[in-house]
Amino acid sequence: MLESIKLPITVKADVNLVLVALTLMGLVTRLCGINFPKAVVFDEVYYGQFVSLYMKQLFFIDESGPPLGHMILALGAYLGGFDGNFVWDRIGAEYTSNVPVWSLRVIPALAGALCVPLGYQVMVELRYSHLTAVGATLLLLLENALIVQSRFMLLESLLIFFLLTAVLFYLRFHNAYSSGERSLTLWVWLVMSGVSCACALGVKYTGVFTYMLLLGLAVFHTWQLIGNQALSNALVMVQVMVRSFALLILPVLCYFGFFYVHLSLLCRSGPHDPMMSSAFQASLEGGLSRITQWQPLEVAYGSQVTLRSVSSKPVPCWLHSHRVNYPIRYEDGRGSSHQQQITCYPFKDVNNWWVIKDPGRQELVVSSPPQTVKHGDIIQLVHGMTSRFLNTHDVAAPVSPHLQEVSGYIDFNVSMPSQNLWKVEILNRESERAVWKTIYSEVQLVHVNTSAVLKLSGASLPEWGFRQLEVVGDKLSKGYQQRWAWNVEEHRYGRSHEQKEREQELHSPTHIDISRNLTFIDKFLEVQLKMLTMKIEETEHKYSSSPLEWVTMDTNIVYWLHPSSNAQIHLIGNIVTWTFANLGLALFSLLFIWYLLRRRRNIHDIPEETWHQFVQAGAVCAGGWVVNYLPFFMMEKTLFLYHYLPALTFKILLLSVVIEHLHVHIFRSSLQRRSLEGVLLAGLALVYVCYHTLSPFTYGYPELSSEDIPFLRWRESWDILIRQH
Amino acid sequence: MESQRCQMQPAGKEDLCTLRRRKGGGKTSEREAIRAGRLGGSEGANGRPAAASEDTNGRPVEVKRSLQDGHRRTGTCSVLALVAVLSLITRFYKILEPPHICWDETHFGKMGSYYINRTFFFDVHPPLGKMLIGLAGHLTGYDGSFPFIRPGDKYEDHDYWGMRGFCALLGSCLPPIAYLTVQELSRSSTAALIAAATLVFDTGCITISQYILLDPILMFFIMGSVLCTVKFNQQRHRPFSAPWWLWLVLTGVNLAGALGVKFVGLFVIMLVGLNTAWDLWRLLGDLDLPLAEFWKHLSARVFGLILLPLTLYIMIFAVHFVVLKKSGPGDGFFSSAFQSRLIGNNLHNASMPEYLAYGSTVTVKNIRIAGGYLHSHWHLYPEGVGARQQQVTGYLHKDYNNLWLVQRPNNSEDLSRTPDLVRHGDVIRLEHKETTRFLHSHLHKAPLTKKHLQVTGYGINGTGDPNDLWQVEVCGGRQGDPVKVLRSKVRFLHRATGCVLYSTGKTLPKWGWEQVEVTCSPYLKETPNSQWNIEDHINHKLPNISLSLLKPSFLEILVESHIVMIRGNSGLKPKDHESSSKPWHWPVNYQGLRFSGVNETEYRVYLLGNPVIWWLNLLSIGLYLLMATTAAVLFQRGVQLGGRSQERCQVLLDGGGLLFLGWLLHYLPFYTMGRILYYHHYFPAMLFSSMLTGITLDILLQCGDLLFPLAVARHLHRAAQGLLLSAFIYSFYLFHPLSYGMRGPLAHDPASAMAGLRWMESWEF
């Protein structure tokens, strides 16, 4: 027994000490003192509110991006034991003692720190030398803008982290595959790459650009695979399927997954409830469900209901009436019916209650068993508080004269008969005799006499209508418009025979039981569509900038200013690195075009192998810069300097690609190489000096005197604050 | 890939050779053919003269082919003539109906009249289209006197037929051009016929060609560019010959025309540019071609496709500015310097006091191009939008409500002596002349830009409050500098809040009469939005000095008018209540456009594509993608195809690829546009889609021979072709009232001519 154990038990480990050292330095620069400042810094004020909502599990909608980024930030808060009680109202507000500042900021900082060794690995996978990789990593390490962005509760460092992992894993996969390796790990790399793409997209929509780049690269490689006639057709098919699963289907599934977690976490009603449909609200704990929880499901004759317009534009509102009539003449001289006003009212009110009446029966109570209302049935609607019937007739509507007026009928004996029969058409019915269901059914009310449809016109009534929303009858009723559709939101079976009792009953809350569930897909679609179509108010920001200003860093952002001293934190990059990176990009483009044209004329300046390496590095790094930069020119939203950081990361990697290429292939004589090395060392020293000089703006420490600050204002356009004493 | 391509070349070259042989001596053409083979690069590598190609059985077929060619040629010509006649008939039928203004005729007819009357106006499109309309009108006796006020106005006895006829003429050129293009790309008259028939019988194409609009002109130039490019591509074996130059120059001319009508022309420029880049890349890779020769190729293309169109485009603008020399409704969109060149404008040969003084009446214009004059009127801000005080806006037209009085804060002006000059750093009040309110700002949010402060008109008859005080600051000036009229850039800093008077360039909603928002911005960056100049300056106590304004050079005018046009274009945002058409609506023919009439009693014309054709186009795009992918994968896997299939795949990838790219380039960019979009924007893309349909369906039908014996397949091919054409004709017969006018009940009424034809609920006829 004992003989089978071979002694001594040994472990062999290859440790790349340089990489470890760089990682440690990354951790030091990103993580040191992230507790400081103990105040809300810049966009923390924005993300913080969502973190708080996660902690309290309150539902919200944020149109700025998918939920993964917010959830990762919330994870930090959760691990730090944050209870969510903090008012995120202004930048610079001191954190109270219940806010675990360190753990809120540590995850983005870790991601930012890990970007440093990731840069190293990407360079190695692009088959550049380790020395080059060290160079690239040092540049990333000493990049002030990346450091600042990593040290706070912000999303860019997470985004860059996932972008780099996606690229790294894909390159690993590709390199391993083309070197003939066929093992399980190979496919793990591919799957990991797909997952990383999904994560990048899940943090910010802008991650999609790098995903597309990677997809393009994968399509190109797969196309070469298809062209390889040594492979059998079946093998090619399998390869294509596996790759498209890992890079197309898997990311989509992951994206769904993020939303699944998001929606399962946020199960309570929150600040953005009114934007969602009644069904969605009812699925949240506390909000509408508190009211609707015990409601009957099927609408019956005698039901007391509130009718909500399915369209929430301009605001969500309920069909409403009150004891005031339309004015006899409008401002423009047109006459009205002078009957009772019908409006749509954006607040809960006892006047929103309506009773559904069977035209053939007098009673306003639910018979037992309840007689349900089905698709195609004719009903009358009686206003609960005033007992007026919902009516429409051939009179021009107050604000939209091309449509019909809707009124609560009053008989003035002026040969204007009441026309109060409405046909119920359930728009989302499953069968022709579907029953009208609370919350779920979207109903169109078609007027029997004129076949007009009850519609929310979207316009506001003037002063006499209390600026409530206009409700009209619309005769052009083909197709589907949200403004024609209504759903029952609150519902109970009426029990009171007498008007007085009924009024009492209307004032009391509803209380009968139903329960329901929306499927995840329904919820996902609703939330995603709302996020994409939500109108983002075009806001101008003091520190917003245009993409043109980014390349040369003509702009900066003040992140934080000490309440009493001149200590301040800015998003300012290492300007030496930025300049070198710009040069590198220009040089790369020139070299690339030069080689490309010369190769076309069959002149090969560099070996074939080097050329392929050069092209691949260009596709990843220069391509990464292009796809992360150019699309911003087409965006209409408010842009900031930090949007440039992913592009910058790729550009820095490109710089070292160009330098190695110069060193190996352009500068042939040893004298030239020596001088290039000298220049490089001097450049690195300069980068360090720049990093060190700007570090008071990066870390907010040490504090600067008002005399020092003007010396750091290297560009006229930088906005740097000086506190006057 | 190279060798595959070379196999299909003979078919192309042969035409030219046989043609020349018929004209000239045999010997020269023989030599030509050999040279053509050599110049064709790798194509000539097999060293075989192109004319002596072999058919699939390896039998020499020269004589037989040339005979066949002769037959085909006459056949082609007669089909082409038939297409041309049919398209002329369909476009000119009922061209004078309805005899009133339809839809955008109100704009473009009006602008044509402006050219005839030579008054200056502003439009978001470049001028060529309207110039041509004006010219057509002028030549046919229209005198420019019809006001073109709103759609529905009767033309009475004005000669509008010339303008409509001109547009219809260009519109009827589209099917023949499509025929020739597809013929050239696919070498199949069936494909060409299908493509031409889709356009001839498409109600949408007919409707849009029949009225005074820019679209027929634009589409003509787009299709012209494509045809010329394709023809030019075919000449690649005879570089620098006369036809080669001809097609190159014609391409350039058409590109200039397309861009000169609408900026949509940029898309076809991109298409031609990509095609040329690909062509040059091919030439560069041809190692038999000396580099000097390549440079010759490159510079010829730079000349023909860049310099020539650019020159023409600039000349169009030169003509535009020379013709429009009188002041008109477009003046206010342009800078003061620009206006001084227009006869009748108050700045033309202006003379006014040189320095701004107290007591002067002035107009204040924003420096930002198309920023507007500082304006106010009796209307108040509506409730809920800041304080309910008088509106202050930016207005682009000249108006007496743009006049303001410059006053001292305490209004202590001594009326008898010469007024003092306003200097940098002075604090002033600006009184609106018409309403006697002061320019005022306070801590309320601006109506649209919520981070700015609201600017209002406040106080009356000389009583106001400290919020009416503004400090004058001359940009780049020092304390005590006077303010030069027209030439100084001035900023107005609000004393009480420290913000600066600012024109945001956003359009106010209806309550603000869709004028430009004016705010007080807390961000003090110097931008053109916060800089103003004094334009009119009236002060009778000061001597008038004739201002020799810096007359702008032509280049400055050109640049300025482009900036104004681009601003104008991006300013066309969908209004709150208008439902904008979405790009995905277009290919599915989801909703058309009402050209004329709404009610049952009116004469109605509805712009809507023939649904049979449009849905077939949509289907063809899907089919094309499928077929092209298959072909590409087959090539990539190196599958050996028979000669005929090989040829088909090549046509599909090359010819089809060009058209598909054209479709993409004319369609996808609309998804990124923020401006308001209309259904008719799809028509250029639809032309490409129709031509692609021709090629796709033809190849699909030809592929019948893979399943059936040759004779059966040939019959099937013919039958299917006939079926397709009769489907086009029958659907055209069904839907023709859309173009040629409907009266009587709407389609939901069984008595209507269109009863039962409203296949989609969203069609409004």
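Heads up, the Cβ atoms here are built off N, Cα and C, so glycines get one too.
Listed features, source TrEMBL:
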- A:15-37: transmembrane segment (TRANSMEM)
- A:99-116: transmembrane segment (TRANSMEM)
- A:153-171: transmembrane segment (TRANSMEM)
- A:183-203: transmembrane segment (TRANSMEM)
- A:209-228: transmembrane segment (TRANSMEM)
- A:240-261: transmembrane segment (TRANSMEM)
- A:296-359: domain 'MIR' (DOMAIN)
- A:370-427: domain 'MIR' (DOMAIN)
- A:431-491: domain 'MIR' (DOMAIN)
- A:575-597: transmembrane segment (TRANSMEM)
- A:617-635: transmembrane segment (TRANSMEM)
- A:641-664: transmembrane segment (TRANSMEM)
- A:676-694: transmembrane segment (TRANSMEM)
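Long-range neighbours of the transmembrane segment (A:575-597) within the same chain, counting only residues 6 or more positions beyond its ends whose Cβ lies under 8 Å from a Cβ of the stretch, are 139, 142-143, 551-553, 605-606, 611, 614-615, 618, 622, 625, 648, 651-652, 654-655, 657-659, 661-662, 683, 686-687, 689-690, 694, 714. Looking at which of A:15-37, A:209-228, A:240-261, A:617-635 has the most CB pairs under 8 Å to the transmembrane segment (A:183-203), the answer is the stretch A:240-261. Panel annotation: around the transmembrane segment (A:641-664), residues 115, 119, 122-123, 126, 128-129, 132-133, 135-136, 139-140, 143, 145-146, 149, 154, 156, 159-160, 163-164, 206, 210, 543, 545, 547, 549-550, 553, 555-557, 571, 573, 577-578, 580-585, 587-588, 591, 610, 614, 617-618, 620-625, 628-629, 632, 673, 676-677, 680 of the same chain, lying at least six beyond its termini, place a Cβ under 8 Å from a Cβ of the stretch. Against the transmembrane segment (A:99-116), stretch A:15-37 shows more Cβ pairs under 8 Å than any other of A:15-37, A:153-171, A:209-228, A:617-635. Between the transmembrane segment (A:209-228) and the stretches A:15-37, A:153-171, A:617-635, it is A:617-635 that has the most C-beta pairs under 8 angstroms. Taken residue by residue, the domain 'MIR' (A:370-427) breaks down under DSSP into 0 helix, 26 strand, 32 coil. With helix defined as DSSP H, G or I and strand as E or B, the domain 'MIR' (A:431-491) counts 6 helix, 28 strand, 27 coil.
When DSSP labels each residue, the domain 'MIR' (A:296-359) comes out as 3 helix, 30 strand, 31 coil, counted as helix, strand and coil in that order. Per-residue pLDDT, averaged over the domain 'MIR' (A:296-359), rounds to 85.
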